[in-house]
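These notes concern the structure reproduced below.
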Amino acid sequence: MRILVTGGAGFIGSEFVRATLRGTLPGSSGTQVTVLDKLTYSGNVLNLAPIADLRNYRFVRGDICDQDLVDDVVAGHDAIVHFAAETHVDRSIGSAASFVRTNAMGTQVLLEAASRHRLGRFVHISTDEVYGSIPEGAWDEESPVAPNAPYAAAKAAGDLLALAWHRTHGLDVVVTRCTNNYGPYQYPEKLIPLFTTNVMDGQQVPVYGEGHNRRQWLHVSDHCRAIQLVLLGGRAGEVYHIGGGTELTNLELAEQILKSCGAGWDMVRHVPDRPGHDFRYSLDTTKIRTELGFSPRVAFADGLVETVEWYRDNRAWWEPLKSPDEATGSPGDAGR
C-alpha cells in the first residue's frame, strides 16, 4: 500500500509513520509512506530521524492548502491518513484564522485531490473536542457536534466536509475521533510534557482554575494502532471513537506526574482558567471494540512513567523547542 500521511512530522503523525515503516502496526509490512508536512512550530523532522534513511519513505515539505502541490503529491497513492492540523486551543482563541485555514480549508483541498485521483481511502483524524463538554456519560458516534473553542469548531468543519465528500462524491472516507494522547515526541506546550519538563527545570506547573477539569488519556501508540485498524477495516462513511478509558482530573494527573518526577505539591501553581474551558470529555468506544477488535494495550500508569523517562533522557530534543513563555504560562491543549 502507498499512503500519504499529512502532518507526519507532528506528535501523533510521526508515531504513525515510525510504526508503519517499522512494520509494527497490523498489516503495515511493505507499506510505502510519503509525509507531507509544512513544518510549523510543532512539526519536527527530528521526529522522523529514526526512519529517514528507509527506501520506502519520502518527505515533502509543503502546505496542505497549496492546491497544485497537493495535487502533485497525492497522485500515485492508495490512501491518505490526514493528521495535519493546528491544534493549540489557546492559540485558536487568540487568533482563529490559521485554524480555519488549515483544519477546514486544507482538508477541503485534500478531499478534492483524493477525489480527482480516485484514492481508495481517506482517513480523517479528529478529536473528542468537537462534541463540547459532557457532564456525565459518554458521547457516541451519533452524537451531534457542538464545539466551543475555535480549534474544535475548525476541526468539526473538517469532519463534516470529509463526511459530505463521502455522501456527495462517493469518496471512501472514515473519520476517527480520539481522546487526549500522551507519549514521546509530544511538543512541550502540551500538558503532560509541559508539566514534566517544568519539573525537570525546577519550575512550577501551571494548572488551570481549580484543576477539576476531566480528560481521558490514551497512549499515542495505541491511538496509531487503532487508526491502522480503521484504515484497513473501517466502514466507509463512518465515524469511529478511539479512547483509553483512563479518566483523570488535571489535579490527579499533576499528582501522578509529580510523583513520577519525585516532586511535591509546592511545584503546582494555579492560573486563571481558559475562556470557555470545557469541563469534561468522554467517548463511548463500543463501536471500534466490537467492529475492529481494538482495545488499549498500554496501562496509563506504565505509559506515564515511560513518557517521563523519555523526556528525562531526551532533553536535547525538547529543550530547544520550549520557550520561556510556555514554561511560565498556561498549559496548551492537553494532548493533541
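Just so it is clear, glycine is given a Cβ too, placed from its N, Cα and C backbone atoms.
Annotated in Swiss-Prot:
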ACT_SITE  Asp128  active site, proton donor
ACT_SITE  Glu129  active site, proton acceptor
ACT_SITE  Tyr151  active site, proton acceptor
BINDING   7-13, 37-40, 63-64, Thr102, 151-155, Asn181  NAD(+) binding site
BINDING   Thr87, 127-129, Asn180, 190-191, 206-208, Arg215, Asn250, 274-277  substrate binding site
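Rounded to a whole number, the C-alpha distance linking Gly10 (NAD(+) binding site) with Thr87 (substrate binding site) is 11 angstrom. Here the CA atom of Thr87 (substrate binding site) lies 13 Å from the CA atom of Gly13 (NAD(+) binding site). Residue density at Arg274 (substrate binding site): 18 other Cβ atoms are found within 10 A of its Cβ, drawing on all protein chains shown. By a simple count of nearby Cβ atoms, those within 10 Å, the most crowded of the binding-site residues Lys155, Arg215 is Lys155. Val207 (substrate binding site) and Leu39 (NAD(+) binding site) are 29 Å apart (CA-CA, integer value).
For the pair Lys155 (NAD(+) binding site) and Arg215 (substrate binding site), the C-alpha distance works out to 18 angstrom. Of all the recorded positions in the list Gly7, Glu129, Ala152, the shortest Cα-Cα distance to Arg215 (substrate binding site) is found for Glu129.
In this structure the alpha carbons, written CA, of Ala152 (NAD(+) binding site) and Glu129 (active site, proton acceptor) are 6 Å apart.
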